[in-house]
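Copied from TrEMBL, the annotated features are:
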TRANSMEM  12-36  transmembrane segment
TRANSMEM  42-60  transmembrane segment
TRANSMEM  81-98  transmembrane segment
TRANSMEM  110-134  transmembrane segment
TRANSMEM  155-172  transmembrane segment
TRANSMEM  178-197  transmembrane segment
TRANSMEM  226-250  transmembrane segment
TRANSMEM  262-283  transmembrane segment
TRANSMEM  295-315  transmembrane segment
TRANSMEM  321-342  transmembrane segment
TRANSMEM  363-385  transmembrane segment
TRANSMEM  397-421  transmembrane segment
Amino acid sequence: MNEKSYRKTRPLLYALGMLGTMIPGRMIDTFLVFFYNIELGIPLAKISLITLFATIWDAVNDPLFGYLSDRTRTKIGRRKPWMIVGMPLFCLSYIMLFSPHKLVQNTTSLIIYFAFFSILTETLRTIIDVNYYALFPELFIEEKSRTHVNALRQAFQIVGMIIGVTLAPIMIQTYGYTITATFMVLIGMFFYAIATFSSHERPEYTESQIPSLKETLKAVGKNKNFWAVGFSNFFFQASSALLLLSIPYFVKYALELSEGNAAFLTAAVFVSAIPAMFLWTWLINKFGSLKTWRVSLIFLGISLVPFLFVHTLIVSMVAGIFTGVVLAGVIINIDLVFSKVIDIDSKVSNLRREGMYFSALQFIVHLSGLAKSLVLLLIAAIFGFVDANNPGTHPDIASRFMVSFFPAVLMLVAFIISFFVDFNDSDVQDLDNETSS
């Protein structure tokens, strides 16, 4: 390739895209179930069944969109066409998802509405997420630049989480769900657009051989490290999703405070994660991403245990700071570990299959919704929790199990699975030599 013909992507502008995926995404993860369950009255068990079906659909469409993205060939690249088309459609569907009370009047219609727009929104979210993430190992191939860009991405990811999770309840109390959702998705897509139009895909990848579906599926299926990283991430994602959606319940029923106070607890978690990035960056440079990833997984599980016992917001926030510090470790490491999996595959096959690999990872991540749905069903069955009008006899204990016990167990499983990841030393050395040359 003629280097002069390739316009490099500015790391900061690409990293801003994390705000685009995180700000609207975290509002969904944290408040969607609470909105339809507590505010609108759909029973928790029915919501769990809908999310279960949506999870299965997400698992099916992830590899499909990743494969189509890998095969796309246009003058502006493989990923950007999907990103450009996906943005406005995601905005519209997202706003509709949080606006049912303006359009439907009875419970049956509300359930159908929730099912349709939650599935549509998550499908469009898949399209914009997979194509954005697939650009990362493609645009930044040198180890030094990749580490730098990843640090920026994860810092913006934490900022996006803070905005999406902490600002949302404050705005909801003042403006309601529809206006808040509109603000979140528009500001998110503003940053996503910056990343999209400032990214410049490598011509040699756009012009490269188109990977066949059969060979790609075979390669992914036989990649043991992919499955180990993927399923460890499966349990981490299930744990973090459950933690996020449980915070409003925990604040309302265990601490007996208004839902708006969830902003303080989530702020404690995510604000503490930002400076913790420096600690984890130092640990990665000293011990490597794989070892520090494993350490962060087990300590994240341990950090959730105190929520079984705390009774005040202040003490909960202190516990949340510990959780945020170790959460930063998992977040900053996972993309580095997974990018190594993709690099080794590319070295062996001489094919660029980032889209398929990231969509396959998203396939597993979305399947983590099965674990989340199972936990919600268990909470409903064990504690008799239905909705705000019928929360069962011990909603306080139920909320503690949601925010602490079950997420901690899931993190323990993630930690155990991480030991099945085994990078061949010669492959890693070869990659280091290639990127440094």
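Cβ coordinates are placed from backbone N, Cα and C, and glycine is handled just like the others.
Curation does not apply to TrEMBL; its annotations are automatic.
For the transmembrane segment (12-36), the neighbouring stretch richest in Cβ pairs under 8 Å, chosen from 42-60, 81-98, 155-172, 226-250, 321-342, is 155-172.
Counting Cβ pairs closer than 8 Å to the transmembrane segment (178-197), the top stretch among 81-98, 110-134, 262-283, 321-342 is 81-98. Contact between the transmembrane segment (397-421) and the transmembrane segment (81-98) is not supported: fewer than 3 Cβ pairs lie under 8 Å, counting only residues 6 or more apart in sequence.
The listed stretches are 42-60, 110-134, 155-172, 226-250, 321-342; of these, 321-342 has the most Cβ pairs under 8 Å to the transmembrane segment (262-283).
A Cβ distance under 8 Å defines the sequence-distant neighbours of the transmembrane segment (321-342), meaning residues of its chain 6+ beyond its ends; these are 133, 136-137, 146-147, 150-151, 153-154, 157-158, 223, 225-226, 229, 233, 236, 240, 268-274, 276-277, 279-281, 283-284, 289-290, 292-293, 295-297, 299-300, 302-304, 306, 353-354, 357, 361, 421, 423, 428, 431.
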